[in-house]
Amino acid sequence: MYVLSVEKPTLRNKFAAGIGVVLVCVVASFIPTPVFALDTTKLIQAVQSEESALHARVGMTVFDSNTGTTWNYRGDERFPLNSTHKTFSCAALLAKVDGKSLSLGQSVSISKEMLVTYSPITEKSLSPETVTFGKICQAAVSYSDNTAANVVFDAIGGATGFNAYMRSIGDEETQLDRKEPELNEGTPGDVRDTTTPNAMVNSLRKILLGDALSASSRSQLTQWMLDDQVAGALLRASLPSDWKIADKTGAGGYGSRSIVAVIWPPSKQPLVVGIYITQTKASMQASNQAIARIGVVLKDTVAP
């Protein structure tokens, strides 16, 4: 149910591997398997404890940039995407910006008829006012504004455009089928609007730490996630003030609660984390507290 794997070498380290081939041949038998920089025993105990307490299904994946290893619990099981899709929807929009087919400065008009539930930013910027795509993505990612997310959805070509973008970065699992708020239904067994923790962590790693986006677009998306205004009760509640976190949360039917994040511990390479909870009758506050407690274990088990 839980897995520890080692990432394959990238192009950037192949050269170093090549020039050291003779040395490797001599001492290979003395080189240990890369060690995960986290105490996976404590992690699995923490996740299973919260899963039991919530009477829920919990999935979690962690990628450790320090060692190139990935750990997961239920990492290949499907969970509702909920609002975690907003980071990836805006990544798809930024890819269009990189391709010169759209500009963050381009303006759109939002009518009253377009408003859906939980739109704290866009409800204040209705037609005849116009709003730039930059502000729209900021609203969607930093404030989880649902109408803003739907505007992005349309701009990237709807579900077809979203899914095509995810496939273009190697994500064969994540799928978006509906707009806000319908996508948050979360009915068990329904594959619509679902993902896996493994897919989310791998895709977020490529987008924020890799080269799926240009440097400027990557920086912009990271900033929107650093400025997340609705995630204070989750992993942020567990981390010291000198740890940076860029995150996006989600919530939906059947007790679904989720978060994807890149975390920068001081003087270390980042961790990429995805936690998904569903099929529980527990309150959102209880799920928030569960994620925060998992975050405490994550923090405490980072290798010194």
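Cβ coordinates come from backbone N, Cα and C, glycine included.
What Swiss-Prot says about this protein:
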| type | residues | note |
| --- | --- | --- |
| SIGNAL | 1-37 | signal peptide |
| ACT_SITE | S83 | active site, acyl-ester intermediate |
| DISULFID | C90-C137 | disulfide bond |
| REGION | 173-195 | region 'Disordered' |
| BINDING | K248, T249, G250 | substrate binding site |
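Checking Cα-Cα distances from C137 (disulfide bond) against the recorded positions (S83, K248, T249, G250) with a 10 Å cut-off leaves nothing; none qualify. For S83 (active site, acyl-ester intermediate), the spatially nearest entry among the recorded positions C90, K248, T249, G250 is G250, judged by CA separation.
Using a 10 Å Cβ-Cβ cutoff, T249 (substrate binding site) registers 25 neighbours. A Cβ within 8 Å of the Cβ centre of K248, T249, G250, the residues given for substrate, is found for these other residues of the same chain: N82, S83, T84, K86, T87, S144, V230, A231, D247, A251, S258, I259, V260. For G250 (substrate binding site), the same-chain residues lying six or more positions away in sequence with a CB closer than 8 A to its CB are P80, L81, N82, S83, T84, H85, N184, S256, R257, S258, I259. Looking at T249 (substrate binding site) and C90 (disulfide bond), their Cα atoms lie 14 Å from each other. A gap of 12 Å separates the Cα atoms of K248 (substrate binding site) and C90 (disulfide bond). Helix first, then strand, then coil: DSSP counts for the region 'Disordered' (173-195) stand at 3 helix, 3 strand, 17 coil. The number of other Cβ atoms within 10 Å of the Cβ belonging to K248 (substrate binding site), over all protein chains shown, comes to 28.
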